[in-house]
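If you look up Swiss-Prot, you'll see Thr49, Cys50, Asn51, Arg52, Ser107, Glu112, Pro113, Gln114, Gln118 marked as substrate binding site, on the strength of sequence analysis. According to Swiss-Prot, the feature active site, nucleophile maps to Cys50. Residues or ranges marked as site 'Important for activity' in Swiss-Prot: His97. The NADP(+) binding site annotation in Swiss-Prot covers Gly187, Ala188, Gly189, Glu190, Thr191, Ile192, and the record cites sequence analysis as its basis.
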Amino acid sequence: MAFLALGINHKTASVDVRERVAFTPEQLVDALQQLCRLTASREAAILSTCNRSELYIEQDHIAADAVLQWLADYHQLSLDELRASAYIHEEHDAVRHMMRVASGLDSLVLGEPQILGQMKSAYAVAREAGTVGPLLGRLFQATFSAAKQVRTDTAIGENPVSVAFAAVSLAKQIFSDLGRSQALLIGAGETITLVARHLHEQGVRRIVVANRTLERASILAEQFGAHAVLLADIPQELANSDIVISSTASQLPILGKGAVESALKQRRHKPIFMVDIAVPRDIEPQVGELDDVYLYTVDDLHEVVAENLKSRQGAAQAAEELVSAGADDFMVRLRELAAVDVLKAYRQQSERLRDEELQKALRLLGNGGNPEDVLMQLARGLTNKLLHAPSVQLKKLSAEGRLDALAMAQELFALHEGSTDKTPQ
């Protein structure tokens with residue numbers, strides 16, 4: 001058994017690369033099954049967010065190159081291009097990395113809680129695809145436990161900070177009084193929900209939620225006294241919007257340069273603040289070329305995030321220690337698990353030998369044999385059979401000069417020098 005964690009994130013790859021390596025929800029099940037089939041991976045899961053795409057894999061033997069090649073082929077990238085941004089963690093490091101990710105220690109926003117939910121979704125999809133078995137399943141459960149402990153035992157989650165919070169903080173820097181501003185939110189997922197909550201708390205005058213389905217938009221809008229519209233209504237709403245924040249799972253841009261130019265004319269070139277949190281991007285990069293548009297992507301939020309994270313830095317060290325301890329504990333339990341199959345096979349073999357000798361003894365008793373003699377024969381026969389295979393192997397090891405193996409056998413059988421009693425002849 002061997003664990004592998006491989007991927008790219010906001011620290012190793014630009015948004016251009018990240019959006020090319022991202023998986024859509026519709027792709028995941030097929031991608032997982034293909035990954036296992038083509039890379040000799042027994043178990044696999046994929047985590048794909050705006051800031052990272054990672055593969056978590058269990059194999060007989062580490063085959064990172066094959067997995068990296070598959071990822072490049074799947075997204076039609078050159079291997080060299082992908083390798084330049086990719087990182088690979090194996091065994092204990094892979095376990096620790098998963099736990100750090102789920103705990104928010106590897107996030108753009110230190111300690112952000114959304115990543116744990118995304119990790120749980122990755123696990124659920126892998127179960128749906130049939131690519132999670134007992135080993136990777138145990139690792140996910142240990143990862144969730146470690147992340148929960150980090151949340152419970154440290155202050156990493158205090159002073160709520162997220163990409164959504166960073167986007168709203170940036171809006172406050174541009175519009176000193178958000179109470180006079182109108183906001184258009186595109187999407188209705190977890191990130192946009194957080195954005196809506198922060199904007200509502202800041203007293204934004206009007207919030208509009210645009211989504212592919214009106215039902216989903218309405219559910220979110222009702223929570224914050226907002227208005228719900230369809231994506232097709234965005235051009236009409238854009239002209240009235242001072243703040244536009246977008247985060248959808250669309251594979252194609254939702255806002256183009258032409259639509260924004262038209263809105264600016266209607267606004268008489270009153271500035272629009274835009275944040276594109278999506279990967280792939282929802283807003284065409286060319287929109288940023290317009291004079292009256294302030295367009296930011298997730299990569300532009302680093303400075304804002306850094307300013308709001310100082311209060312969490314002290315808790316990070318304690319969280320790292322908890323994660324390291326969790327990874328160590330998991331690896332110990334995993335090594336213990338490796339002995340289970342051996343013990344199970346040994347017990348089955350011993351029980352088979354016992355049953356054979358017991359049946360022989362019962363036949364002798366049925367034929368009128370002396371009970372004491374039969375019991376002695378049963379004990380002697382069972383002892384000889386149980387010791388036969390170990391005796392043969394120990395003699396072989398001795399003949400080969402395998403003193404280390406002999407010492408291990410002595411420890412295995414709890415034998416100590418001089419402890420053997422001499423049996424009377």
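Just so you know, the numbers here start at 1 and follow the chain as drawn.
Heads up, the Cβ atoms here are built off N, Cα and C, so glycines get one too.
Taking the features listed in Swiss-Prot, we show where each one sits on the structure.
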{"residue": "Thr49", "record": "substrate binding site", "CB count, 10 Å": "23"}
{"residue": "Cys50", "record": "active site, nucleophile", "CB count, 10 Å": "24"}
{"residue": "Asn51", "record": "substrate binding site", "CB count, 10 Å": "24"}
{"residue": "His97", "record": "site 'Important for activity'", "CB count, 10 Å": "25"}
{"residue": "Ser107", "record": "substrate binding site", "CB count, 10 Å": "24"}
{"residue": "Gln118", "record": "substrate binding site", "CB count, 10 Å": "18"}
{"residue": "Ala188", "record": "NADP(+) binding site", "CB count, 10 Å": "25"}
{"residue": "Gly189", "record": "NADP(+) binding site", "CB count, 10 Å": "16"}
{"residue": "Glu190", "record": "NADP(+) binding site", "CB count, 10 Å": "16"}
{"residue": "Ile192", "record": "NADP(+) binding site", "CB count, 10 Å": "24"}
Item to check | For Gln118 (substrate binding site), the one of His97, Gly187, Thr191 that lies nearest, given that the recorded positions are compared by Cα | outcome: Thr191
Checklist entry - Among Pro113, Gly187, all listed as binding-site residues, which has the most CB atoms within 10 Å of its CB? => result Gly187
Checklist entry - C-alpha of Pro113 (substrate binding site) to C-alpha of Thr191 (NADP(+) binding site): distance in Å? => result 11
Next on the checklist: Through the lens of DSSP with three states only, how would you label Thr49 (substrate binding site)?
Outcome noted: coil
Next on the checklist: Pairwise over Thr49, Cys50, Asn51, Arg52, Ser107, Glu112, Pro113, Gln114, Gln118, annotated as binding substrate, what's the top Cα to Cα distance to the nearest Å?
Outcome noted: 15
Checklist entry - Hey, what's the Cβ neighbour count for Thr191 (NADP(+) binding site) at 10 Å? => result 24
Checklist outcome for this item: Between the C-alpha atoms of Asn51 (substrate binding site) and Thr191 (NADP(+) binding site), the distance in angstrom, to the nearest integer, is 13
